[in-house]
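Database features, via TrEMBL:
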BINDING   53, 56, 57  heme c 1 binding site
BINDING   199, 202, 203  heme c 2 binding site
BINDING   335, 338, 339  heme c 3 binding site
DOMAIN    39-142  domain 'Cytochrome c'
DOMAIN    184-291  domain 'Cytochrome c'
DOMAIN    322-408  domain 'Cytochrome c'
Ligand code: HEC
Ligand code: HEC
Ligand code: HEC
């Protein structure tokens, strides 16, 4: 018996070691950009947009795909690498096989395991054809010489072999078996959302080792100090999402009944604005099939016209007590001109009765918005909201948020409001990066 267990143990250790050890894939001479079919390169460009490759692999004011963007994680700061075809500092000497292995198994050309901040747990679903198109696209970009900064991780996470254990525990092939009840568009949407789109990387909760909890997919997650709301059946949106609304939001970056995509969601929709419509439509169909909120007691009754006049908070059952009048006055003074002004989004603010920022179980996005507003990003016409971080004290922000929650969020107060304000303030004070980088 004991001998038997020992044998099993040795076999398991052997298997673990075999999984841990990955050999080098020989370098190749950098392929000539002109050797790739232009149609294949265009296809790769679309797939790279869906995968947000540029968003992560470009530093603020840096050259496209040359890496160096800091990615804060609960374990330390990682830096994205240079994925231009530069032979020394980029992936110029990578064969297509090496590129495919990085994308699907998280192993670099030399055989080192890569950190899962690079969402290969999703990209693993990418088909051979799509890997070929992505490779053609990247190998025909301008080569940029830029060594990535070293990662800032504590020991023993600096030892990449520990990642083999992580992969053994958590890296599973996506189950994308065909569903005969669903049409081709749905299947395409599932492939993109679960794979290259890596929506679950932000919208699913993670365990203590940073792996997505697959049994709770899309029940809401965290991204760079923002809450990535629950999607599908667990959504807390006051107005249930449907296929048409998802299509418009993902494509245009806003919807009249849901508001504007902000924070780390902003670059996602900017990228999706440039890919063929059918791809986004397919994603919307799949997402809509995951069900629709509202779920939970906190969802507000949708109403385009808030029930209360400014300055008169409604007496929501069970929540009358202990909210200083200050919040009510602050809302009337600082917010109603835009949020009850009747100007439609994206340039006008939606009725806050429609906002998931207020019906969600976490106050974090509301606090971020009050402190930071919507900073101007890029050159084109953008919705703008002033930040109030410099003029409101923490107590005033708390009072305002509590008032909005009571007025529009259905009555249950947030228990963690004060800590959310402290964390949001700390994140902004530490943020040495410009606003564009905060939102990736
Ligand atoms: C969420 C951020 C993020 C996104 C999105 C992302 N990457 Fe990365 N990628 C990283 C990070 C971080 C690393 C470095 C990981 C490490 O150091 O172990 C990396 C590493 C890589 C590597 C290995 C490069 C090397 O020199 O070792 C390749 C290849 C790569 N990414 C390609 C892509 C492609 C193609 C896409 C889009 C389909 C993409 N990445 C999207 C964060 C990202
Ligand atoms: C100068 C106009 C302006 C002022 C003043 C303003 N906002 Fe906004 N706000 C906007 C615009 C524009 C948007 C983007 C459209 C949208 O999503 O509602 C926005 C978005 C929001 C959202 C996200 C809504 C969603 O889910 O899409 C929240 C929450 C919010 N504002 C809260 C506030 C609060 C609280 C105040 C007062 C402290 C305030 N705003 C003051 C213009 C303003
Ligand atoms: C880098 C992290 C990140 C990724 C990747 C991401 N999201 Fe988001 N998403 C967020 C955050 C943060 C918010 C909340 C901010 C806001 O309200 O705009 C959000 C908001 C949303 C909302 C609005 C939900 C509501 O109730 O208001 C939808 C819908 C959505 N995302 C869909 C997607 C889809 C589909 C994908 C994949 C194509 C995706 N997201 C990928 C971070 C992300």
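Keep in mind that glycine also has a Cβ here, set from the backbone N, Cα and C atoms.
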What remains of the binding-site residues 53, 56, 199, 202, 339 after requiring a CB under 6 angstroms from ligand 3 is 199, 202
Local Cβ density at residue 56 (heme c 1 binding site) - other Cβ atoms counted within 10 Å
20
Measure the Cβ-based neighbour count of residue 203 (heme c 2 binding site), defined as the other Cβ atoms within 10 Å of its Cβ.
25
Near ligand 2, meaning Cβ under 6 Å from any of its atoms: which of the binding-site residues 56, 57, 199, 203, 335, 338 fit that description?
335, 338
Entries of 199, 202, 203, 335, 338, 339 (binding-site residues) sitting next to ligand 1, with Cβ under 6 Å as the cut-off
none
I'd like the per-state residue tally for the domain 'Cytochrome c' (322-408) from DSSP, helix first, then strand, then coil.
45 helix, 2 strand, 40 coil
Here's one to test understanding: among the binding-site residues 199, 335, 338, 339, whose C-alpha is closest in space to the C-alpha of residue 57 (heme c 1 binding site)?
199
Hey, how far is residue 56 (heme c 1 binding site) from residue 202 (heme c 2 binding site), Cα to Cα, in Å?
14
Pairwise CA distance, residue 338 (heme c 3 binding site) versus residue 203 (heme c 2 binding site), rounded so that it is a whole Å:
29
List only the single closest residue to residue 53 (heme c 1 binding site), chosen from the binding-site residues 202, 335, 339 by CA-CA distance.
202
Nonlocal neighbours by CB distance (under 8 Å) for residue 199 (heme c 2 binding site), same chain, sequence gap 6 or more
193, 218, 231, 287
Residues satisfying Cβ distance under 8 Å from residue 202 (heme c 2 binding site), sequence separation of at least 6
221, 222, 223, 228, 264, 265
